[in-house]
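*Asks:* Mind having a look at this structure? Questions to follow.
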Amino acid sequence: MESSIRLADTLRPSSLPAPASAHLRRRHLYLHRLPRTSSSSSLFFSPSHHHRLCPTPRHDLLQPLAAAASGAAKLVPASPAPADSSPEPKPSGAKLVPLVISLAVGLAVRFLAPRPAEVSPRAWQLLSIFLSTIAGLVLGPLPVGAWAFLGLTAAVATHTLPFAAAFAAFTNEIIWLIVISFFFARGFVKTGLGDRVATYFVKWLGKSTLGLSYGLALGEACIAPAMPSTAARAGGIFLPIIKSLSLSAGSKPNHPSSRKLGTYLVMSQFQAASSSSALFLTAGAQNLLCLNLAEKFGVIIANPWVTWFKAASLPAIVSLLATPYLLYKIFPPEIKDTPEAPALAAEKQKQMGPVTKNEWAMIGTMILAVALWIFGDAIGVSSVVAAMLGLSILLLLGVLDWADILNEKSAWDTLAWFSVLVGMAAQLTSLGIVSWMSSCIANLLQSFSLSWPAAFCVLQASYLVIHYLFASQTGHVGALYSAFLAMHVAAGVPSVLSALALAFNTDLFGGITHYSSGQAAVYFGAGYLDLPDVFRIGFISTLINTLIWGGIGTFWWKFLGLY
């Protein structure tokens, strides 16, 4: 026990190095030696360290700690990198090849593809701009927000959309709910409340590797409804805990010892996050965006928070409980027992001390917000107003300050590019493009004499496979959700079932690749996962979850009367 505590005492927060050039490339990051203090060292990274993590896919991910080669497994910082090893500055401006291809897509549609007679010239021109924007989101000639702004500018400059219509989505309630959710996530990280919740589950269930995995997965599920950012949960709370536990067992990143413990814990948490995100409407920004687009299409879901939870509860809980065990069998760790983990978690709790005033304020605020999200419709309080009230309370109590709000760049970036995509999608619907596309798909499906259940399976599978081309769940939703919803409805699939199933599918494919979601970038960048394993286990886990949702979900949704 004493060696475990001494071991935990050597893990100290450090400053982050310069950002890596891309999250698709694994880099060795170095930990610089910091002065030792008697109060700041702990098993897990400190809340102040978490505060530097924003709830978005980070390219400057948590750096691995180097371990000494002694049998006592004492962890010491690695030697600093040589002065000439700093990354070269990124070139500025757009990437030429992706830029040319993205523009060519739109120009080809506008000037080369024949315009159907039932589609107006204005609608066809907007479609070409939208497709060029989507191509840019996939190929990445510029950052997402910058490219979306260029698409918006093109729509206004060519008089395809008037200024007011182009910017109409910037007042969308759901988009602002998503933005405010990022601020809630920062509150969880800043106060250390997320750490405290996670350590309780490690303490209760962490005596074995499988139990430790269940503790981490259930801990995230408990936090998820009040922390609607998978990347924030991964990078700000669970990855630091997993890394510290792994290092204490001698499982180091980018090293053969990674398979002792760290590889399994990271992979299990990575895959279980999909079920946590699907369980609650407010557990992921993509969920809120899906229902917003469904409403724009005319699919209204009454009491959305409760309806979502009822529809997702049984299949999501089964998936959540099955994932750690199945991965334990098909992707087993070398270390099966972790008897020291509960003691280390207890030591962490001791170092954290009693619950602080700001943590109590965060707890009370989130209870109020979740209660209003559930029951707000009955008293005339919308979801976004509930979120605004919660954020106002956090600002009044000093849990967050205005600098925290301004520095949450991911939130403002999300506001910009979400609004552009949602606005364009809404205009495409109003101009008749979506109805034209859906009728074409419906006629194609009818030519194969497919029943609506068969069409439902084909469209859901297509929606999932296409995600291999996307580096963002929300980008996928903004680009394709409305079109696929229209195809479902045109094929005769019940509208509410179509809207919810596509949204659940969006959560489930968050683990298929190392770039498929925010948490994917965070967990892959930790250095414990090999790329072939990510694709192999990602495909297997997504297939298993799809079968669970397709099997159990089908009977459950029939019982609930969704079809």
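Placed from the backbone N, Cα and C atoms, the Cβ positions cover glycine too.
What TrEMBL shows for this protein is this:
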- 96-113: transmembrane segment (TRANSMEM)
- 125-149: transmembrane segment (TRANSMEM)
- 161-185: transmembrane segment (TRANSMEM)
- 358-375: transmembrane segment (TRANSMEM)
- 381-403: transmembrane segment (TRANSMEM)
- 415-438: transmembrane segment (TRANSMEM)
- 450-471: transmembrane segment (TRANSMEM)
- 483-504: transmembrane segment (TRANSMEM)
- 534-557: transmembrane segment (TRANSMEM)
*Asks:* Quick one: find which recorded stretch in 161-185, 358-375, 381-403, 415-438 has the most Cβ pairs under 8 Å with the transmembrane segment (125-149).
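*Replies:* By Cβ pairs under 8 Å, 415-438 leads among 161-185, 358-375, 381-403, 415-438.
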*Asks:* Among 161-185, 358-375, 381-403, which stretch has the highest count of C-beta pairs below 8 Å with the transmembrane segment (415-438)?
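*Replies:* Comparing 161-185, 358-375, 381-403: 161-185 has the most Cβ pairs near the transmembrane segment (415-438).
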*Asks:* The transmembrane segment (161-185): which same-chain residues, six or more beyond its ends, come within Cβ distance under 8 Å?
*Replies:* 55-56, 126, 152, 155, 226-229, 232-233, 236, 282, 285, 288-289, 291-292, 366, 369, 382-384, 387-388, 390-391, 394, 400, 404-405, 408, 410-412, 414-415, 418-420, 422-423, 426-427
